[in-house]
Amino acid sequence: MPYAVRRTGQAVLVIVATFVLAFLLLHALPGDAIVARYASPELGLTAAQLQELREVYGADQPIWVQLWQSAAGFLTGDLGTSLQSGADVEALIATALPSTLALASLGFAVAVLLAVGIAVAATFSGAEWLRRAFRSLPPLFVSIPVFWLGIVLLQVVSFRLGLVPVINANPVEALVLPVLTIAVPIAAPLAQVLIRSIDDTVAEPFIAVARSRGASPRWLLSKEVARNSLLPTLTIAGVLFGELIAGAVVTETVFARTGLGRLTQEAVATRDIPVLQAIVVISAVGFVAINLAVDLVAPAIDPRLRKAVHA
Amino acid sequence: MSALLTIDDLAVSYRARRERRTVVHGVSLELQRGEVLALVGESGSGKTTIGQSIIGLLPEGGRIERGGVHLELAGGPVDLTKLAPRAMQQLRGARVALVPQDPGTSLNPVQTIGDSVAAPLRIHRWGTKEAIRRRVLDLLERVGLDDPARRARQYPHELSGGMRQRALIAAAIALEPDLIVADEPTSALDVTVQRRILDLLADLRAELGSSVLLITHDLAVAAERADDIAVLRAGRLEEHGAARTVLREPQSDYTAALLADAPALSDASPRLPRLAAQPLVTIDALVHDYGRRGAGTGADAFRAVDDVGLQIAPGTTHALVGESGSGKTTIGRALAGFHRPSSGAIRIGELDVLAERGSRRLRRAVQLVSQNPFASLDPRRTIGQTIGEPLQNLPLGDGGVRDRRLLAERVAAALQQVALPAETADRLPRELSGGQRQRVAIARALIIEPQVVVLDEAVSALDVTVQSQILELLERLQRELGLTYLFITHDLAVVRRIADTVTVLRRGRAVETGTAQQVLTSPRHEYTQALLEAVPAPDWLRDARRGQEARTSTGQLEVA
């Protein structure tokens, strides 16, 4: 299928471009990584010792050579060495990734459930005041900052009400509040887009025709509206993946969880360039993969896109 | 025979911006079992609202104020306005079915045709999966779709408008309803397709014994197809009676005016051609290819216009007639300099249109008025700004005007020319009716005094009365200013009224060209004959036209 091949090719190109751009930007920071890490006066290293360190880390090479070496490393699975801890970056990532993946995927699933629930209640529930109430939820959710929500949830749900323990919690309990924290700001734009596209679909003449055939509201929602409203929402869902990464940084910091977000925060604080480079590339791969999946799934949902696909 | 449907003093209101506005004021109607009642009226007459009240699907804000809609069913009479929502749901699609207006948007785009047709059967739990599958194939075959098994698997965008309307009819008759509400079922279709769809509806009605409520703006369709006609105006019943009586001896002045304005019902002869020695517009061997990979190559290439030539004498109207996809708009836009054809030549007097494309000289020679008066005006600019804009774009000394007072004067004059009050200049498009907007579009085209105006379906979106007024305006402007029109239309009845000469297009080719009189009364090409035959008209009018044709041909014989 040429469409799939073309889109995959584009995806790979985006990842390569991200890698190069991230590398160049990180190395364009004033002073190189070695200076940032070791040149502080407390360590008392001489200029000669710093130069030696540079040679060890390969930082004395021209930037193109460094880029090439780094790229070759990424392709063979060698992501480099953390300047901060001296540990292999791939080991750091391997410890951080599973916990973040659990947080992100659960958070996203909860966000989808929340968004669908709000959107359906806002468009199909019986009473008008109820529909209005649900319609005002997404704008409210959008304006809630993630860190604030995390702290409030901790304070109220955990400390005051004692509903979910955060100290000595089992892995499931430990996930409840972070997942909620990360889900709400993602559910909000999703619900907004979903409400909007349900509204648009319901206004279409074919919905009136379906009603004229005797369709019940339930039938309308499940057989006529759902699939038509899905596509715009799916596209937004792909874009919101970026939000998920940003959300993980704040959430993991607030709840003191290990994970990619926490690792990012620490790496930024200490300017741990190899770690940052790896995180940027992994995020890009995730982002591109999800949007690629959305693009490849879209024709399955809307037959009108299939023609363009084959052309 | 008893009445299947009795509407008794029905009044319907809408809530608009916090106030209630009554749109149907106590209408009473009767529809006999097995008959066709046409509900005729212009836009805003309340005809669609009555249809929606019957089927229980008034849009949000709509409410039945008083009156009843009684349906005589096997189980006894029911008042549809008093039925509980769930009971109404059970009637909809089963006893009362809808054939909607626009087949383009009335089918779920992500559902197969088979699923759309099966929907009423599934909703009303008609039978097993397998039984429904077989019934769908039967229905598709019954409405004249070839290869039903394949059609059932296709999606709406893969079918033509006529085929989609057939599928919608199949879904409507799936449960053999007592009443079919057909709301403008053929308004979005070409005239030859319209004829076949109306024939199909008539056949099915006879076969199933259903009654049809035919909602239409087109008196000619009503005249040809209905047993009874009800004429509505502003939510009130103007006239109700047997079709023949209403059409031949209308009791109300309004009906009489509608009949006079309906071009399809006129038995006037086509214009006698006014001849001139030298044509003003010459189109020669015009070819236009659409396609992605250059002209004429690749699988996507499509020849929209194929070797078309025509001439228009100064001060006359040439009609370009054809169904959708015939290439008529492509020719019109090429003449107006909007796109470059693949090959051919177009001249307006001494002006080579293709060489002058985009030049001020061409802009001053030819202007375009397009179909949709709602989309062709900028909603945020006042009418005065819109009409004055062309003058501001032309260079000074070449017809351009910059002086504000002079500009206002020219705009006022242009408004007067199209019979709009001078205050219109300060209004916004949304404050005007469709007819007024089309006058504005004409004023904008005329303000730089072009020689030629391309009118692309310029009256197609208008009600007959308004259409008639606009046609009159165009005729007057032509007389006064000596304008030359290229009049693009799908409506042969309008051609009869306005054209001197005609070209009939089919799939990009000119199948017939000649004087309006010759083409409309003694067409040579079978496609022209089919087009003329498809124009809806009651039998007595056809007879009258045949008489006219006979007179014309004997007249020609005498000359010869």
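Glycine is no exception: its Cβ is also placed from the backbone N, Cα and C atoms.
Because TrEMBL annotations are produced automatically, they should be read as predictions rather than curated entries.
The annotation domain 'ABC transmembrane type-1' is assigned in TrEMBL to A:97-298.
Proximity of distant same-chain residues to the transmembrane segment (A:12-29), defined by a Cβ-Cβ separation under 8 Å and at least 6 residues beyond the stretch ends, is recorded for 36, 63, 66-67, 70-71, 74, 271, 273, 276-277, 280-281, 284-285, 288. If you look up TrEMBL, you'll see A:12-29 (among others) marked as transmembrane segment.
Residues 134-135, 137-138, 175, 178-184, 186-188, 190-191, 194-195, 198-199, 202, 217, 221, 233, 237, 241, 244-245, 247-248, 251-252, 257, 259 of the same chain, all 6+ positions outside the transmembrane segment (A:101-127), place their C-beta atoms under 8 angstroms from a C-beta of that stretch. What TrEMBL records for A:101-127 (among others) is transmembrane segment.
Feature annotation from TrEMBL assigns transmembrane segment to A:139-163 (among others).
Beyond its flanks by at least six residues, the transmembrane segment (A:175-195) meets 102-104, 106-108, 110-112, 114-116, 118-119, 122-123, 135, 137-142, 144, 146, 149-150, 153-154, 157-158, 164, 166, 229, 232-233, 236-237, 240, 243-244, 247-248, 251-252, 254-255, 257 of its own chain at Cβ-Cβ distances under 8 Å. What TrEMBL lists as transmembrane segment is A:175-195 (among others).
Residues or ranges marked as transmembrane segment by TrEMBL: A:230-255 (among others). With a threshold of 8 Å between CB atoms, the same-chain residues lying at least 6 positions outside the transmembrane segment (A:230-255) that come near it are 100, 103-104, 107-108, 112, 115, 146-147, 150-151, 154, 166, 174, 177-178, 181-182, 185-186, 189-190, 193-194, 196-197, 261-262, 264-265, 283, 286-287, 290-291, 293-294, 297-298, 301-302.
Taken from TrEMBL, the feature transmembrane segment covers A:275-298 (among others).
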